[in-house]
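Encoded as structure tokens, the structure appears first; notes follow it.
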Amino acid sequence: MMKSLVILMMCVAVALAQQLPQNLEDVREIAENMRSKPFQAMAIGMAARLDSQEVRLNELTAGVQNMADRVSTGSGLKDKVTARLTAFNSILNFKFGNGCSNKKWMPCGGDTTQCVTAAVMCDGVNDCTNGGDEVNCGNPMETGSVWKGMKIFDSCTNRKPSSMTLTIGAYTGKNMQTSLAVTGENSAETRSALLFSTAMFSKARQAFAMRPPESDGLGVVCIFNLGRSDRCMGFVIRAATGERCAAFLFDRQ
């Protein structure tokens with residue numbers, strides 16, 4: 001019985017690894033589910049509290065993770081399975097919540113039901129009993145990095161760009177200088193615009209947020225919930241309401 005379960009879990013692990021989000025169609029369901037949740041106000045002036053990017057794994061997915069841990073790291077299977085589970089958890093999170101009774105808190109993940117406030121995540125101190133609050137604390141938005149986003153949907157921008165390119169400038173404290181190049185095409189011509197603003201990156205939320213560069217009140221956020229440090233789910237949001245009114249899949253160039 002146990003042997004059969006192990007084989008089943010390994011098959012599921014391989015299947016998950018083969019289904020990593022690769023293109024716009026792969027992430028469309030994630031984008032549409034996130035679209036229904038408003039981006040609420042936070043201290044950075046325009047952007048807001050994110051729902052946790054992680055959802056506590058159920059017994060099956062936890063089992064798959066454990067089985068992946070037993071596979072040789074040289075095979076790359078463990079990383080692929082972890083990435084796929086992260087993306088899958090994103091869908092579950094926006095459909096069913098993150099499992100914490102207080103929506104401002106985030107789950108520690110793994111084998112514990114503990115939740116902690118985002119304020120203590122990525123602060124160098126293990127507040128989760130399993131240390132889960134200090135695991136995913138990097139910042140992939142490095143100075144000089146360039147990120148190109150391809151349109152998934154757009155119901156609000158005036159320019160209707162087919163693509164956006166974010167360039168990360170110098171950091172001043174928590175703020176970073178950011179430029180946003182937008183490119184749109186119609187039957188007659190290609191139009192481009194270069195916009196400038198400041199932004200912040202939340203290590204706890206693994207999310208980038210750019211303040212509105214124009215008077216239309218539209219800002220840009222990019223959330224690293226696809227299991228990869230070189231790809232994020234981007235949204236154009238209305239600063240006043242938090243509505244996610246356009247989506248772009250960003251890849252590091």
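Cβ atoms are placed via backbone N, Cα and C, with glycine included.
Please treat TrEMBL annotations as automatic predictions, because they have not gone through curation.
TrEMBL has this to say about the protein:
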- 1-17: signal peptide (SIGNAL)
- CYS122-CYS137: disulfide bond (DISULFID)
- 140-253: domain 'Annelid erythrocruorin linker subunit C-terminal' (DOMAIN)
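Of the disulfide-bonded residues CYS122, CYS137, CYS122 has the largest number of other Cβ atoms within 10 Å of its own Cβ.
In the predicted model, residues of the domain 'Annelid erythrocruorin linker subunit C-terminal' (140-253) average a pLDDT of 91.
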